[in-house]
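Trainee: Below: one structure in structure tokens.
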Amino acid sequence: MTNILSPEKSENDQELPIRPSYLQEFVGQQQIKENLSVFIKAAKSRNEHLDHTLFYGPPGLGKTTLAKIISNEIGGNFKSTSGPAILKVADLAAILTNLEKNDVLFIDEIHRLNTAVEEVLYPAMEDFELDIIIGEGSAARSVKITLPKFTLIGATTRLGLLSNPLRDRFGIPMRLNFYNTEELKKVLNRASKLLDIDLTDSGSEEIAKRSRGTPRIALRLLRRIRDFAAVDGKSRVDKEISDFGLKRLEVDRIGLDSNDYRYLKFIADNYNGGPVGIETIAAALSEQRDALEETIEPYLIQIGLLQRTPRGRVITIAAFEHLKMPVPNQSHHQFNIFNENE
């Protein structure tokens with residue numbers, strides 16, 4: 001699923017020029033910033049490595065950026081890979097044996113590591129030792145390699161898919177949450193200065209309100225609206241051109257696009273608001289289940305348009321009102337039951 005409001009990384013995002021390098025430059029996630037600052041200072045004062053850290057939460061909120069910031073703050077090299085890229089134990093061994101003291105190893109989508117790789121990672125995280133088997137059959141022997149003290153930073157959008165043994169080995173688990181409008185305005189204002197965009201306060205607020213609580217989306221929308229302003233002969237990005245551009249991009253006043261409307265209308269039209277299983281929705285919309293669960297549903301849940309229940313997905317009264325559709329009596333009953341049992 002690829003669209004302007006997808007929180008997933010895109011080749012066109014070009015975040016490097018505006019990516020913050022240190023904690024004091026990072027906007028939002030205040031409690032995480034404050035706690036990380038304490039943990040980093042404490043580790044440096046003891047001349048120790050920072051404990052292994054796990055960032056989890058919806059995509060586009062700054063997990064990769066924070067990992068790079070930690071690397072800068074502790075003065076180590078930054079090595080990056082992803083769960084799907086580590087196919088074999090040998091792949092992991094090659095990465096680990098090339099680390100130096102205080103290096104940061106960042107593994108994105110860490111929930112997608114296979115079991116064999118995970119089991120080799122456990123002693124590397126706990127004891128900084130790599131146990132590998134060399135040879136085959138009767139000639140096989142175990143070799144233990146001592147590793148330098150490094151910090152593993154894992155990132156995942158699906159905490160529930162992480163195995164308990166792996167999750168328990170992270171000393172610093174941190175959940176990243178959606179941004180509010182004021183925080184997104186700060187992100188946009190910082191970026192506008194670095195990108196030399198004349199962004200007014202009203203223009204910033206209009207973009208922020210429709211960015212689904214996600215900095216990556218806000219920055220993407222800012223670039224596209226800058227394009228509309230340039231072609232329209234406007235020197236600044238104000239509320240008027242922001243609203244014009246966002247309408248052209250089919251982003252409504254609360255940040256929904258055509259994919260969100262398809263999702264909500266399917267449940268409303270075909271199941272009177274639900275409940276309906278996610279597999280049924282995915283098949284009907286010709287989308288992957290993972291794409292719906294990671295790209296569409298988190299924001300709909302966050303703003304109160306969708307509920308996940310044991311029986312399936314249920315859209316709320318607020319969703320019917322936003323769709324300008326009458327609320328079926330059955331849907332109203334389900335919504336009340338869900339809240340009473342919660």
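Cβ from N, Cα, C; glycine included.
Predicted, not measured: the structure shown is a model, and the values here were computed from it.
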Trainee: Would you identify which residue of R169, R210, R223, R224 Swiss-Prot lists as part of the ATP site it also attributes to I18, R19, G60, K63, T64, T65, E126, D127, F128, Y179, R216?
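Mentor: For the ATP site that includes I18, R19, G60, K63, T64, T65, E126, D127, F128, Y179, R216, Swiss-Prot also lists R169.
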Trainee: Could you tell me which of these binding-site residues, F128, Y179, has the greatest number of Cβ atoms within 10 Å of its own Cβ?
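Mentor: Compared across F128, Y179, the most Cβ atoms within 10 Å surround Y179.
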Trainee: Can you tell which of R289, R313 has the most other C-beta atoms within 10 Å, given these are the binding-site residues?
Mentor: R313
Trainee: If I take the Cα of F128 (ATP binding site) as reference, which of the binding-site residues R289, R308, R313 has the closest Cα?
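Mentor: Nearest in space to F128 (ATP binding site), counting only the binding-site residues, is R289.
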Trainee: Of R289, R308, R313, which binding-site residues come within 10 Å of I18 (ATP binding site), going by C-alpha to C-alpha distance?
Mentor: none
Trainee: Taking I18, T64, E126, R308 as the binding-site residues to compare, which has the smallest set of other Cβ atoms within 10 Å?
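Mentor: Output over binding-site residues I18, T64, E126, R308: least Cβ neighbours within 10 Å is E126.
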